Amino acid sequence: MENLIIFNARVVTPVGFSARRGGEMGKLRIIDNATVEVTDGTITYVGENRGENRDGYYHRYWHYNARGKCLLPGFVDSHTHFVFGGERAEEFSWRLKGESYMSIMQRGGGIVSTVKATRASNFVRLRSKAEGFLKQMSAMGVTTVEGKSGYGLDKETELLQLRVMRSLHNDEHKRVDIVSTFLGAHAVPPEYGGRTDEYVDYLIREVMPCVVQNDLAEFCDVFCEQGVFSIGQSRRLLLAAKEMGLALKLHADEIVPLGGAGLAAELSAVSADHLLHASDADIQAMADKGVVATLLPLTAFALKEPYARGREMIDAGCAVALATDLNPGSCFSGSIPLTFALACIYMKMSIEEAITALTLNGAAALNRAGSIGSIEVGKKGDMVVLNTDNYHFLPYYIGMNCVNTTIKEGVLYPTP
Ligand code: NIG
Ligand code: FE
């Protein structure tokens with residue numbers, strides 16, 4: 001944590017301490033020739049330029065001249081699976097030949113093949129691989145990332161993945177904060193083949209209590225999908241999680257329209273994610289209940305699936321967040337620039353809406369809209385400096401990085 005004073009910036013930020021919904025998503029505050037002051041890692045002033053040596057006060061601050069550059073809130077990647085063993089490049093090549101993601105999973109590949117590699121790995125190897133991803137994310141402007149377990153599917157390895165995330169979060173030199181999610185219900189492991197209900201019982205009785213007692217996760221998520229966990233099984237698991245104090249997320253309506261988005265509304269989940277096939281009624285239910293609709297356009301791109309209906313969701317009054325879904329199977333990409341471009345080009349979101357979706361609404365999807373996601377007094381000094389004073393470069397630079405420097409709690413990390 002540092003004291004930092006930024007001069008001459010073009011501040012571009014959503015405003016508020018909760019998710020922005022519907023028409024509010026496109027409204028940004030833009031301040032030219034701005035000063036932003038960060039004291040002990042927290043924003044203490046945002047507004048018109050202040051004199052550099054106001055009473056000598058700023059001698060205790062690092063100075064940064066942002067003339068000709070935009071300053072945005074740090075990006076929040078609110079849905080990833082960045083801790084895992086192994087790779088699945090051969091699976092990718094099968095998909096290129098026409099095999100589907102679900103058929104690979106049904107014949108014992110997919111998530112379960114990463115489970116084998118993760119069980120065979122160890123703390124040190126999982127941690128150093130995950131740390132490599134965090135460095136790349138930071139260079140693209142990410143200051144907070146959500147990470148999920150779900151490649152252990154047994155008590156020992158699920159806890160191992162969550163401990164890796166905790167250790168990365170507690171690292172005093174970290175560039176990215178980590179919010180952890182328990183996703184034991186990501187797939188049914190081979191030892192429970194054909195016994196999904198018993199596996200759900202095992203998660204509720206044996207794994208979840210350990211996760212909660214050791215304070216290893218804030219959220220519980222489930223892959224609610226045909227042939228994986230049904231609506232009934234997902235509801236049972238999530239109700240137990242809620243009872244134990246976890247907040248809720250769902251992988252919903254990713255491959256088929258099963259009704260996961262409606263379940264998210266019924267249970268007042270914090271977010272429902274993917275939503276490629278969410279129905280009109282369920283979209284309206286999410287808007288009414290304030291469930292954040294987290295869209296992951298890189299996954300639709302990689303699986304050659306239709307994009308989620310971002311425009312319709314915003315028009316229906318939803319709070320939409322954008323995230324990468326970085327994982328070794330459906331989407332091996334943590335590219336923030338490509339996420340921006342796909343959201344604007346294919347999901348018909350405006351550039352302003354996409355910025356809100358990757359900052360304040362991403363924060364809301366992690367229950368953190370009160371402390372991150374906008375450049376406002378009282379929030380963390382987590383910000384992104386662009387190479388340009390024109391924020392339209394974010395989607396216009398397709399898949400190319402226009403981040404000059406990432407600022408984490410007032411510490412500057414120039415993009416390598
Ligand atoms: O969000 N769909 C389930 N989970 C991930 C994919 C995980 C994997 O393939 O390893 C997703 O797409
Ligand atoms: Fe996912």
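Even glycines carry a Cβ here, placed using N, Cα and C.
Because TrEMBL annotations are produced automatically, they should be read as predictions rather than curated entries.
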Co-listed Fe(3+)-binding residue [TrEMBL; alongside His79, His81, Asp325] among His169, His173, His251: His251
Among His186, His392, which is the one TrEMBL gives for the 4-imidazolone-5-propanoate site where Arg88, Tyr151, Glu254, Ser330 also bind? His186
For Arg88 (4-imidazolone-5-propanoate binding site), which DSSP three-state class applies? coil
Restricted to the domain 'Amidohydrolase-related' (71-410), the mean pLDDT of the model is 98
Closest of the binding-site residues to Ser330 (4-imidazolone-5-propanoate binding site), Cα to Cα, picking from His79, His81, His251? His81
If we take the Cα of Tyr151 (4-imidazolone-5-propanoate binding site) and draw a 10 Å sphere, the binding-site residues of His79, His251, Asp325, Gly329 inside it are none
Can you give me the Cα-Cα distance between His251 (Zn(2+) binding site) and Arg88 (4-imidazolone-5-propanoate binding site) in Å, rounded to a whole number? 21
